[in-house]
Amino acid sequence: MSLTGYFAAPLCSIFLFILAHADAGQQEDSLYMWIDAHQARVLIGFEEDILIVAEGKMAPFTHDFRKAQQRMPAIPVNIHAMNFTWQATGQAEYFYEFLSLRSLDKGIMADPTVNMPLLGTVPHKATVIQVGFPCLGNQDGVAAFEVNVIVMNSEGNVILQTPQNAIFFKTCQQAKCTGGCRNGGFCNDRHVCECPDGFYGPHCEKALCMPRCMNGGLCVTPGLCICPPGYYGINCDKVNCTTHCLNGGTCFYPGKCICPSGYEGEQCETSKCQQPCRNGGKCSGKNKCKCSKGYQGDLCSKPVCEPSCGAHGTCIEPNKCQCKEGWNGRYCNKKYGSNLMNALRPTGSRNRQHTPSPKRTEDRQALPESNYIW
């Protein structure tokens, strides 16, 4: 027998006791559990199926658990998990529940693990159950642990269960990971660093930031980015410009501005219009102005009057006309004095021909000449 087989052979006795009789009179005949030949080779050095439960009954073995437990060795360092195979044949339904998977020495080994739900139905297809013994690798030592599981039939009767107060043992040793484990990671017994949440890498040296660090930022701890010069923000997504962007420009890179239409230059300080836009207008393209309300023209130099001042006036400000001589009104559409003469003329003579006297003509010509602005 190999050296591994010499130390591993008694291990079968440990797991032959994981399930013991709960009801000696039970005659269920379609539940099976065994250790397959491949796993047996690892344990005892030769390939042979090891039957644990057959036809709902335990394989012939001692039932004096206390005496047997005294002879149980600790699981060796080189065995990290054990595989069992089970199957429910026929039409019968069986249910299982892991009541406890607990390490009693958590500084040496974490809680045992299984590769299946803790509560479920025994499958009708041969299925492997793997029980793992996760040594932490922090120190040399032997960890005590318990595995408590029951199997019930469809009527809810417990037919198999772990003996009460069953304690098992696993030998662990301090692991060595070349380069060490950082950021709270620990070296397991497979000499691999196991990293805490938020870190990854062979030595747990890399932090995980979500969202990721942008613009060359470095994630130094979960959720914290160190930003390169010129950037800031939770994930370095914001730009810190040393120079201010003018005329509505936007900084997108340290010292670089995205200029709005009509401006150029490092700080968007230069207008693309050769002559500046007037009256509040903005340069919107090469030599093209976008005028503010009330103005028009290439340079926004022409005021707008609505409606227009007509043929007898000039628009000098938005909606403000300057009338020619002899014209008045807001839009210069009224001739000066016409309303006054009609008002003074007698009613009966408005339709008669009338020749003004020389004196009235002189008085009329004596009216002051003025350029009205309305």
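Note: Cβ is positioned from N, Cα and C throughout, glycine not excepted.
Of the listed residues CYS187, CYS204, CYS204 is the one Swiss-Prot pairs with CYS195, by disulfide bond. Here CYS177 is paired by Swiss-Prot through a disulfide bond, and of CYS187, CYS209 its partner is CYS187. Per Swiss-Prot, the residue from CYS236, CYS241, CYS257 that shares a disulphide bond with CYS245 is CYS257.
Between CYS268 and the candidates CYS259, CYS277, Swiss-Prot records the disulphide bond with CYS259. Of the listed cysteines (CYS300, CYS321), only CYS321 is recorded by Swiss-Prot as the disulfide partner of CYS309. Checking CYS219, CYS236 against Swiss-Prot, the residue bonded to CYS227 by a disulphide is CYS236. Of the listed residues CYS315, CYS332, CYS332 is the one Swiss-Prot pairs with CYS323, by disulfide bond. When the disulfide-bonded residues CYS225, CYS273, CYS305, CYS309, CYS315 are ranked by how far their Cα is from the Cα of CYS245 (disulfide bond), CYS273 comes first.
Each residue in the domain 'EGF-like 2' (208-237) has a pLDDT score, and their mean in this model is 85. There are 20 other Cβ atoms within 10 Å of the Cβ belonging to CYS268 (disulfide bond).
Between the C-alpha atoms of CYS257 (disulfide bond) and CYS209 (disulfide bond), the distance comes to 29 Å.
If you count neighbouring Cβ atoms within 10 Å for each of the glycosylation sites ASN83, ASN240, the highest count belongs to ASN83.
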